[in-house]
Amino acid sequence: MMADLMRIEHDSMGTIEVPAGVLWGAQTQRSLLNFAISTDRMPVELIHALALIKQAAASVNCRLGVLDEVQRDQIIKAASAVASGLHDDQFPLRVWQTGSGTHTNMNVNEVISNLASQANDEPLGSHRPVHPNDHVNRSQSTNDAFPTAIHIAAVQGITNNLLPELEQLIAAFARKSDAWSDIIKIGRTHLQDAVPLTLGQEASAWRDQIASAHSRIQSSLIELYPLPLGGTAVGTGLNAPARFGQETAAQLASITGLPFSSAKNKFAVMASHDGLVNAMAQLRMLAVALFKISNDLRLLACGPRAGLAELHLPENEPGSSIMPGKVNPSQCEAMAMVCLQVIGLDSAVTMAGGSGHLQMNVYKPLIGFNLLHSIELLHDACRKYRLAMVQGIEPNRIKIQHDLEQSLMLVTALAPEIGYDKASEIAHLAHEKGFSLREAALKLGYVSKEDFDRIVNPALMTSARL
């Protein structure tokens, strides 16, 4: 009875049983059996990008005379269905497989071949009218097709998802910066009291940190637009028409609306993946910025009654199973964990990028998985961060004013008038005796009360005045 649920598929290794109803074939089945490692599946974004490559390649191969029109049309129809996500359940392979990504490339080739067979009432696995290698993979090698798919999926994820979300997060912090421009607060360096600034100025730093990260990520795309497709096995273009890479890149640019081009030096973009490593590094830089911002927000909101408590963060859910009424900065904590995860993923990509040998880097699935996973993590985290926290942050004006008035570092404004040493003496006396700065200054006789009130004005200390 079990035999009725299986079919026999053939490849260069011989025969193998494959579940009767699935669209994948022999090579995919072998990978499933040999690499049942964890549950990390190849990202569907990469599968869709590979399908776009097959679609574009079929069109170009026909135009260049190495594929007939029937084969072209069958491949384009099936590949378009795969690229649109209609058959995502037919791509079960794990990330942890051969380092070239060959198994996943063949998974796509086999599914497209079998979709064509279905459409023509041919048996699954018959390779009629379209063969997975001879036709779907025509003029390609996994060595150029798989990294091309990573480039495409990464550019799409960054351009269509991550960058627009960052722009909204930048705008959210910009609105806070504008709204808080009149709130003067005490600054802190070394986690100790420092001179004043406005809460708006503090928020402007968060805004511009993210804006700088946005700019760096956007700039990294320049290295991802050139595609290795057309280099085939080692970059020479063996078994591909001379214009295949150039024309297929142009076709992919047309399909995606993104400025892809054919890499001038296929050897460089196939033997190494520096552009992908750089893009991942810029995601790490974004994570570093978001981690710092989350730490700032947690510190400024700590309390609510026994901490800094300068900010009120939105209260979204109970924070403790034992302490009634406790609310935690959970969005900051989630963001911090995402940031640390991305930083770790970047370390793996960096090692993988430098570990290629000669004409081939055999860490492609890891690089692609970590890069695309990081894009997804950062996009999702930034979206929830903005909607569930940043938009709802409110200042605690009473606490901010109280702390400002208590700070000894306002004495810094006196230093240009009476000198550093005398200003220090005022601060030490005030701290030791519990005096206000004004009381200490007048007691020591270093400044008149009129001059003190004129000089030690927090509103005048938030910008250069000499």
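Using N, Cα and C of the backbone, Cβ positions are placed for all residues, glycine too.
Straight from Swiss-Prot, the features:
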BINDING   100-102, Arg128, 131-134, 141-143, Thr189, Ser321, 326-328  substrate binding site
ACT_SITE  His190  active site, proton donor/acceptor
ACT_SITE  Ser320  active site
SITE      Glu333  site 'Important for catalytic activity'
In this structure, which of the recorded positions His131, His190 has the fewest other Cβ atoms within 10 Å of its Cβ?
His190
Let me make sure I understand the structure: which of the binding-site residues listed (Ser100, Ser141, Asn143) has the fewest other Cβ atoms within 10 A of its Cβ?
Ser100
Cα within 10 Å of Val327 (substrate binding site) is the criterion; apply it to the recorded positions His190, Ser320, Glu333 and give the hits in sequence order.
Ser320
Intrachain C-beta neighbours of Glu333 (site 'Important for catalytic activity'), sequence separation six or more, cut-off 8 angstroms:
Ser294, Arg298
Among all protein chains shown, how many Cβ atoms are found within 10 Å of the Cβ of Ser320 (active site), not counting that one?
10
What count of other C-beta atoms do you get within 10 angstroms of the C-beta of Asn133 (substrate binding site), across all chains shown?
16
Cα-Cα distance linking Ser320 (active site) and Asn143 (substrate binding site), given in Å to the nearest integer:
51
In whole Å, how far is the residue listed as 'active site, proton donor/acceptor' from the residue listed as 'active site' when you measure between their Cα atoms?
30
Sequence gap of 6 or more, Cβ distance under 8 Å: name the residues on the same chain that satisfy this around Thr102 (substrate binding site), in order along the sequence.
Gln27, Thr142, Phe146
